[in-house]
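A quick write-up on the structure given underneath.
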4 protein chains.
Amino acid sequence: MAGNTFGRLFKVMTFGESHGEALGGIIDGCPPGIDLDFDAIRNEMQRRKPGQSAIVTQRKEEDEVQFLSGIFEGKTTGTPIGFVIPNTNQKSDDYSDIKDTYRPSHADYVYEKKYGIRDYRGGGRSSARETASRVVAGAIAKQVIPDIKINAFVSSVGEIFIDKPYQDLDFSLTESNPVRCPDAASAAKMEEYIRQIRKEGDTVGGTITCVIQNVPIGLGEPVFDKLHAELGKAMLSINAVKGFEYGSGFCGAKMKGSDHNDLYNPDGTTKSNLSGGIQGGISNGMDIYFRVAFKPVATLIQKQEVLDNLGNIVELQGKGRHDPCVVPRAVPIVEAMAALVIADFYLLLNNVKK
Amino acid sequence: MAGNTFGRLFKVMTFGESHGEALGGIIDGCPPGIDLDFDAIRNEMQRRKPGQSAIVTQRKEEDEVQFLSGIFEGKTTGTPIGFVIPNTNQKSDDYSDIKDTYRPSHADYVYEKKYGIRDYRGGGRSSARETASRVVAGAIAKQVIPDIKINAFVSSVGEIFIDKPYQDLDFSLTESNPVRCPDAASAAKMEEYIRQIRKEGDTVGGTITCVIQNVPIGLGEPVFDKLHAELGKAMLSINAVKGFEYGSGFCGAKMKGSDHNDLYNPDGTTKSNLSGGIQGGISNGMDIYFRVAFKPVATLIQKQEVLDNLGNIVELQGKGRHDPCVVPRAVPIVEAMAALVIADFYLLLNNVKK
Amino acid sequence: MAGNTFGRLFKVMTFGESHGEALGGIIDGCPPGIDLDFDAIRNEMQRRKPGQSAIVTQRKEEDEVQFLSGIFEGKTTGTPIGFVIPNTNQKSDDYSDIKDTYRPSHADYVYEKKYGIRDYRGGGRSSARETASRVVAGAIAKQVIPDIKINAFVSSVGEIFIDKPYQDLDFSLTESNPVRCPDAASAAKMEEYIRQIRKEGDTVGGTITCVIQNVPIGLGEPVFDKLHAELGKAMLSINAVKGFEYGSGFCGAKMKGSDHNDLYNPDGTTKSNLSGGIQGGISNGMDIYFRVAFKPVATLIQKQEVLDNLGNIVELQGKGRHDPCVVPRAVPIVEAMAALVIADFYLLLNNVKK
Amino acid sequence: MAGNTFGRLFKVMTFGESHGEALGGIIDGCPPGIDLDFDAIRNEMQRRKPGQSAIVTQRKEEDEVQFLSGIFEGKTTGTPIGFVIPNTNQKSDDYSDIKDTYRPSHADYVYEKKYGIRDYRGGGRSSARETASRVVAGAIAKQVIPDIKINAFVSSVGEIFIDKPYQDLDFSLTESNPVRCPDAASAAKMEEYIRQIRKEGDTVGGTITCVIQNVPIGLGEPVFDKLHAELGKAMLSINAVKGFEYGSGFCGAKMKGSDHNDLYNPDGTTKSNLSGGIQGGISNGMDIYFRVAFKPVATLIQKQEVLDNLGNIVELQGKGRHDPCVVPRAVPIVEAMAALVIADFYLLLNNVKK
């Protein structure tokens, strides 16, 4: 009820503050007998990790995950998988100046008001560092559904958009540049723009598109737990996300039905796919695709007005090691959350299939 | 697990097919002692009901709700509120021609594949008629949080948008026109456009904006059950919804942090509100506002190619009494789902408040 | 959260007060394609119904169940099954004298204190009439697991016990007498005793034993949701239940390990079955058996001291049509709750089976 | 869904095998601002720990709990509390001989059949070592409800019973002897008996009684989540438990209503308390008391017939360091589970209180 659990049959509970002892979580419901690929898990952690390129934060976090249970001789046993990611490089002193202040567009103020107490160091539980646990769980979820392909990529930074449909992109190029944009020309522009923003001590928003392919028909539970409703919730639960659309999305709201309907082929596939692979909340076997909007990071390396706990507006000089643009590092997080949703519905599907 | 339950402390389970005996639901967790305003409930039902104006479907559905339990001498007792909405005017024969066919961009095909059986009459469980139960539950949820004001309205139809911020609108005008758009000039254009679309036997999409005011600080449970994540899921679970954004939304993804951050006033309110009243998943007391994208209704009064269950593509002449544009009737549904989310978090808040 | 939901994959939510409009419920998660045997459902309702024999209450309740959704042409569709049992023969006037009084060992007082309001007529939600909805759901659950045999029977009334192991009983005789005791000699004594108790205007307790046979190996989810823990909760949730034991039960607590261990046969079955068919919370394929203790009905046809809402102790003459002993009518309820638990775990099992 | 989560508002998820890296868990929903008494937590761990006296297992386990999150400057923050208990003294080699065999009345066989794989070392997840995590969570739960007193004690070992009502016992004596029986004379007999049983390489069962005092009126959620139903589930989920009864329990099933009803005092308390402090599933403010039956430990220090994975019955000489009687060490576990249930309902109560 307190919001730190995700999923039903593939259930994840997470814990951890950015500057506490450790982050971690428990996965309950992972099917037994999966020969875990630990390199794949480590690789996903690397993709999310700070310091991986010149355009992301230069904080050093080791992000080594330790598995404590649920795995025997390399295989999942069906019992809960406990894991811990120690916080090894936290400089708490960096944060003494925000102990009594609430930074604009951060969660400092609302945590204080809701709980009457907060771990102010680095944002505590509200820090995006929390997503490290999601990436671990998502990396295991991917191994529950090995045939389903989940590919996310940066589709815009500020006003710079990829101007191609996803079908024209080669997802194998996503990791070839630090922006994680599979379109080389756009990637170069985005990277240049992020460097410039960073010089200004500013930040910028962006969007991530995610494509899920080779999906079985039948995932999703009407009426409240529609597949896209759960995907939407999963994405909106990621730090800094402001919007979610799938298939035709907000553009679809401008269209006529005669242009929007996806006509069938005789084999049950559809000629167009404005539906985004989901009908009535249930996957129809076509590609699922959706787009996620991220606001600009709130921490600026500039002077800003902040509120203190005495009700004064004071100036605070932003400092530290922060991301000028969050979307490159958010790509593996989007994939992880998508994997959690899909794996969960995949396990549920077994119960109604004839 | 099968998707027909919503909420945690204020929990709703619904049932019903469009052409079965009845729709209905159970509300479990409504606080005791609420002196229910039945006229208010009836009024919400009226707003959703077909046939209420010239620009919506002319189907006749009485939509009379019968309460069966949980209310004693007009007051809620804290026990579950069971309710039923009989289906009184269903013409099942209208649907015999779709018994063996799957209409484009409807859920016919996926229900058949997922369950191996479907009640094909009028879409069965996948029909938007299901939302009548949500409106009943939402109308009661509103009475759990009487001080919080929830106002939704049509903000666009096709390419016609209200070009004002919501602060410049008078919500008391929303019900003054059949489009449910509080801006008279825009409403007139939208209505004219919907009439034209209907003549063509076509349909058109639109968006609804919802504003929630007088919200206590502290609603929402990080990290997975962020307030906007639950609002997003709630909206995406409504039939025909393709997208959700709150606060700055997709526009925010184009902005710089220095423009996007909401600076504080000494009293904890903020000068701007691009955050949309939510920080870190928790309400901050400012207005919550979000926008929901609806695709055009899939049922056209035109000839269309459909798939039959033998794998043939055949022509089907759309007929019946359908909405040319769904957004006017979806306004009370958006409000109802918002009320369910807010009431649920409101009850949860009591548990952590110091 | 408010306690009116049971189960996870086969989920039931119920509503209804004894003297309200109706009882009923929703089953969410019933697998599709089950050709429902409505006679079987009706038969279970008949077994629970008042007035069925001379030793139970002579109230007349029709207990006709109406299915409102989730069934199409006689088959389950996988969508929620809504059902209603109208209250047709409620004499509310019978209860005006308890409007302001709290009967001993009833729930009147705690409902008033917890909710600040109560439907006092016939106990309202706390009435055992609520179990009618459980019987409907259980009768459908039985049809989800047709190969598993669930047989409950009265094993004691007052101090009169069947003095045979269940293996020596013929369950087909359970319905041959009004006590629902398959041992004819014991049944006769029990019936005689109940008649005598009724004459005294008194009531008496008893126990029900339930045997579940032909159970697949693997039902139950360690560690908190052990099969016997869920069975225990299910039984303890039935009105008037004071205790639950399975396998060797409380007797096992007196034994030595060398006498208690169940040694294996080469095929994995065990020579003895003091474990009661469950090891570590998981079914092992042997018979599951358990025993449930019911207290004597609290309503006496005698004068009794009661508390009124002004804090006075006053005399109340019990009247009306009440059961002198609840166990005969509770047999189908025990079976129904057992079926709900087993069906739920049965559906869950599909997710981990290799 | 996979059974490793307990509670709703005060929710606990646990992980860990007896011979894996560590045990641990996450508490989600602990109210913020509690000044944790870490000594009290350590003390509960000590009570459960092996090797604490001559009549329990002489295994050495340090059972040091490390808190990783959710606590800031000694106080709970309202965010999830992650904790780990490293496994420091596991001799896995002790268990190589049971790798391919299924011990009688253990969970070896059913885990193998259910999951297709098992961590055979020391029982893996099915080991009672798992309860260490419950004790940590329970020790924190006790601090959520400091005014409510929870006292469990050993009420029988084999055929030796305390022959006094709990009202005549001084709970402060429970820890004065290794049996944890507050009646000195009974304790001496029990201890003597356990020593003798241990010499025989045998084991013996017993019962624990738990008394909960100073309980607010209103805990418990009818109809399925009755207070005693959740207490029963909680107790039955503890390893080796075979039965649960509260108030009059199985004895009540032999009684007449005229003897069993608890008559009121003018202040709403009752003269007798056969109800066990719960009416209709809701606490009435009187003492809650219940009794839990534990079977004898299945591991004997004797030769026993076991099944191997080739279907042979072979002899196995039991060895190692095992408890001859589980109840002394189970006392803090019973209290912990009771505290989890009561704290959970206590938090829920806030939502309906007027």
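Each position is counted from 1, following the chain as shown.
Note: Cβ is positioned from N, Cα and C throughout, glycine not excepted.
What TrEMBL says about a protein is an automatic prediction, not a curated fact.
As written in TrEMBL, here are the features:
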- D:ARG48: NADP(+) binding site (BINDING)
- D:ARG125, D:SER126, D:SER127, D:ASN239, D:ALA240, D:GLY280, D:LYS295, D:PRO296, D:VAL297, D:ALA298, D:THR299, D:ARG321: FMN binding site (BINDING)
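Distribution of TrEMBL features across the structure.
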residue	record	Cβ within 10 Å
D:ARG48	NADP(+) binding site	26
D:ARG125	FMN binding site	28
D:SER127	FMN binding site	22
D:ALA240	FMN binding site	23
D:LYS295	FMN binding site	29
D:VAL297	FMN binding site	24
D:THR299	FMN binding site	23
Rounded inter-Cα distance in Å - D:THR299 (FMN binding site), D:ARG48 (NADP(+) binding site): 19
Against chain A, in sequence order - binding-site residues D:ARG48, D:SER127, D:LYS295, D:VAL297, D:THR299 with Cβ under 8 Å: none
Cα distance (Å, whole number) from the residue listed as 'NADP(+) binding site' to D:LYS295 (FMN binding site): 18
Helix, strand or coil at D:LYS295 (FMN binding site) [DSSP, three-state]: coil
Cβ under 8 Å to chain C, applied to binding-site residues D:ARG48, D:ARG125, D:SER127, D:ALA240, D:VAL297: D:ARG125, D:VAL297
Pairwise Cα distance for D:VAL297 (FMN binding site)/D:ARG48 (NADP(+) binding site) [Å, integer]: 16
Residues D:ARG125, D:SER126, D:SER127, D:ASN239, D:ALA240, D:GLY280, D:LYS295, D:PRO296, D:VAL297, D:ALA298, D:THR299, D:ARG321 [recorded FMN binders]: greatest CA to CA distance in Å: 44
